[in-house]
Amino acid sequence: MELLHTFDVSGLASSARHSLTTTSSIVFSPLTVQAVKGDLTGIATLTGLSGMAPHLMASQYLKRATANAQALALTGAIQATPASADQLLSEDIPEAGARVSLFQGFKASYPGHKSGRRGKNHQRRRKNGFGEVGEDDPNKLFSSLLSERERTIKEQVKLQTQKTVIQSELDQIAASIETLQAKQTNLGFKLSKLTEREDDLADTLGDLNDKLASISEGNKTRDGQPLQLEYRDETRDSGTCMHTFYGHDGVVTSLDLNGPYGTLVTASRDNTTRVWDLSTFKCLGQLPGHEDTVECLQLTQHTLVTGSRDNTIRTWNLADLSHNQHSRSPSPTPSDSSYSSNHINGKFTDTDGDDYSRSSREVVTVLDNCWTSTLSGHTGNVTCLYFEDDKLLSGSNDKTIKEWDLETGQCVLTMDLLWAMGTSNSWSDWMTEAQDQSYVGGLQFWQYALCSGTIDGAIRMWDLRTGQSHRTLAGHTGPVTTLQFDDYHVVSGSVDRSVRIWDLRTGAIQEILQYEDPVRSLQFDTSKIIVGSGESLKIYDRVSQQHSYYTGHTNKVESVRFNDSLLVSGGQDSTVRLWSR
Amino acid sequence: MTDNLPSMADADSCLSDSQLEVLRKQYIREGEYVTEQTRFNYAWGLIKSKNRREQTQGVLLLTDIYREVPDRRRECLFYLALGHFKLGNYNDARKFNESLLEFEPNNHQAHALRQEIEDQGYIGMAIVGTVAAVGTIILTSLLKKK
């Protein structure tokens with residue numbers, strides 16, 4: 001019945017020109033009421049023309065149409081609605097590839113019907129020919145052989161075209177398989193990312209639930225639960241701040257020490273790098289040379305390497321330090337030694353304020369003889385570095401990681417991060433907001449294995465022999481700011497307020513520690529993880545899975561380091577604090 | 001190019017019933033993953049037949065191929081034009097043929113087909129003209145009588 005209605009409408013809409021040509025075609029083609037695809041208007045005029053009861057004609061048409069459809073269904077054609085020529089022509093018609101045409105393929109598969117018959121005749125003739133070979137003249141044999149040769153050649157050509165046809169179909173199928181596989185991997189990756197996000201959300205949800213619960217329950221002490229957590233008010237284990245170093249005028253960006261009674265080197269945004277003696281708590285002096293803030297440094301027994309915002313890396317030799325100190329500086333450094341030795345719970349007293357102001361006026365020695373070499377090559381801030389023996393790896397905001405040979409001072413390998421990141425779809429919304437974050441938050445290497453944490457939240461493992469990244473651990477939802485690994489685990493901290501512990505061999509996440517503030521720095525050993533995030537130092541005991549924290553800093557903690565029994569932290573309050581474990 | 005497309009005479013030569021049956025069997029046998037060559041073979045066999053029903057089926061099949069295989073569209077233009085021509089849809093036949101000539105202005109067979117379509121058109125016009133003329137004569141005579 002629906003078909004009937006459409007007819008009437010289309011009939012009304014037909015133009016005079018249409019009706020003229022279609023009338024002629026209808027009148028002079030075998031007069032049937034067949035469903036002629038592509039010319040609905042023709043049928044409409046036919047119903048009008050015939051003058052017979054339109055619905056009768058239409059119903060006949062309907063019957064034939066369904067019969068046709070059934071016939072088509074039998075033959076397997078999937079034709080639901082007839083399409084007009086204009087509609088078809090409006091579709092894109094691409095350039096025909098240089099392949100066997102359909103007709104050639106047709107001829108190859110069915111070379112006709114005529115040549116088959118000819119073949120039979122040929123067979124008979126051949127038989128005759130052979131039987132009468134002695135009597136017929138040799139020309140006949142020759143011509144029959146010639147024609148047979150032609151036939152075989154044609155057969156050959158036919159087979160060739162058949163092969164090409166099938167080959168092209170196979171190629172088409174292979175191409176579509178490839179696209180489907182690519183789609184599959186893409187979606188699989190997306191799925192894994194979403195599950196990660198889901199886990200994180202579940203964690204934060206757990207946090208919020210706990211917070212709500214604890215608020216409603218008041219002061220009940222509870223144990224910190226292992227996964228997902230918040231150190232909370234329980235376990236108030238404030239560590240003792242043994243000493244505070246004043247002297248810097250700006251945020252302490254990084255620090256390192258080489259022994260509980262050795263030297264401590266700290267760098268700050270006031271563009272100075274200071275060396276302190278941990279046995280006397282005195283400032284031994286300042287290291288000149290860098291033109292901008294030092295963002296990262298590492299200290300071994302006597303060698304110090306610093307990376308700075310002026311795009312260079314400098315190496316220093318601190319072996320002769322104590323001598324320099326004695327021979328040169330007359331300046332007393334009252335601030336460091338006298339005060340602040342007895343802070344039990346890290347609270348400031350008024351005297352501290354005085355010291356601080358006095359220290360800024362003190363005269364600090366400039367240690368000129370320590371500088372050994374400068375490594376330049378980066379075109380952006382050097383944000384993190386790690387060295388061992390003669391090999392140094394540095395990451396920079398110019399989106400590369402470079403490997404240097406400390407003996408020659410040359411860069412031996414550059415790894416392009418953009419390229420490595422471009423192959424995975426880990427670009428997310430946070431990247432546009434993270435303008436002030438370091439591109440490479442942390443790195444560490446051991447022999448030929450390098451591990452890097454970058455702004456896209458991914459941790460990549462590289463092989464330094466090939467310079468290629470062979471594995472990516474995805475999971476952080478914010479730029480990675482700090483990273484360390486040992487034989488079994490990789491521990492990374494990020495702006496997304498979590499610390500993740502990964503199993504080094506499988507790459508699976510073992511634990512996620514959730515905090516309230518972005519994690520800026522961490523260090524771990526087999527028994528504990530020290531995390532610098534927010535204003536207090538967070539200690540996570542890996543054995544008992546307990547959290548504790550040390551208060552003392554009045555502003556965010558930027559960097560933490562420990563060595564044996566001594567823990568040092570530097571913060572945005574420009575102080576460097578020593579803690580006992 | 002001449003080898004790639006059939007001539008008009010070929011389009012009119014009919015396949016025997018058994019041959020068409022063979023093509024049909026192959027088409028059904030290949031089932032869901034039927035190759036485009038098999039589809040074309042069957043469709044072309046259908047179009048060549050004298051039976052109008054089969055011709056329509058063939059055209060429908062070809063339209064399917066046209067829609068589903070973009071690479072073969074240009075060739076299908078010719079076959080669709082031929083098919084519609086045989087069915088009597090001179091309008092559509094002309095449209096398809098013109099489209100093909102746009103892409104390949106030097107195509108023999110397309111030119112030949114265009115000639116045929118126009119001839120049909122003229123014949124049609126001529127007949128309609130005479131019908132109209134006869135019709136008016138009858139009408140005027142009737143009116144005169146009244």
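Cβ from N, Cα, C; glycine included.
Residues or ranges marked as region 'Disordered' by TrEMBL: A:111-134 (among others).
If you look up TrEMBL, you'll see A:114-128 marked as compositional bias 'Basic residues'.
Averaged across the repeat 'WD' (A:245-286), the predicted model reaches a pLDDT of 88. What TrEMBL records for A:245-286 (among others) is repeat 'WD'.
Tertiary proximity for the repeat 'WD' (A:287-318) is limited to same-chain residues at least six positions away from its ends with a CB under 8 Å from its CB atoms, namely 250, 253-258, 262-263, 265, 267-269, 271-275, 366-368, 370-376, 378-387, 392, 394, 396, 398, 404, 406, 438. Taken from TrEMBL, the feature repeat 'WD' applies to A:287-318 (among others).
The region 'Disordered' annotation in TrEMBL covers A:322-344 (among others).
What TrEMBL records for A:327-341 is compositional bias 'Low complexity'.
Under the heading repeat 'WD', TrEMBL lists A:375-414 (among others). Remote same-chain partners of the repeat 'WD' (A:375-414), defined as residues 6 or more beyond its termini with a Cβ less than 8 Å from a stretch Cβ, comprise 295-298, 300, 303, 305, 307-309, 311-315, 438-446, 450, 452, 454, 462, 464, 467.
The repeat 'WD' annotation in TrEMBL covers A:450-472 (among others). Within its own chain, the repeat 'WD' (A:450-472) has Cβ neighbours under 8 Å at 393, 395, 401, 403, 413-415, 417, 420-421, 424, 426-428, 430-431, 434, 437-444, 478-483, 485, 490, 492, 494, 496, 502, 507, counting only residues six or more beyond its boundaries.
Same-chain residues lying 6+ beyond the ends of the repeat 'WD' (A:473-512) with a Cβ under 8 Å from its Cβ atoms: 192-193, 196-197, 199-200, 203, 226-228, 424, 426, 428, 430-431, 434, 437-438, 441-444, 446, 451-461, 518-526, 529, 531, 533, 540. Under the heading repeat 'WD', TrEMBL lists A:473-512 (among others).
Annotation source TrEMBL lists repeat 'WD' at A:550-581 (among others). Proximity of distant same-chain residues to the repeat 'WD' (A:550-581), defined by a Cβ-Cβ separation under 8 Å and at least 6 residues beyond the stretch ends, is recorded for 237-246, 248-260, 264, 266, 268, 270, 276, 278, 343, 345-346, 348, 517, 520-523, 530-537, 539.
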Study note, to complete from the structure: Taking DSSP helix as H, G and I and strand as E and B, the repeat 'WD' (A:450-472) has 0 helix, 15 strand, 8 coil
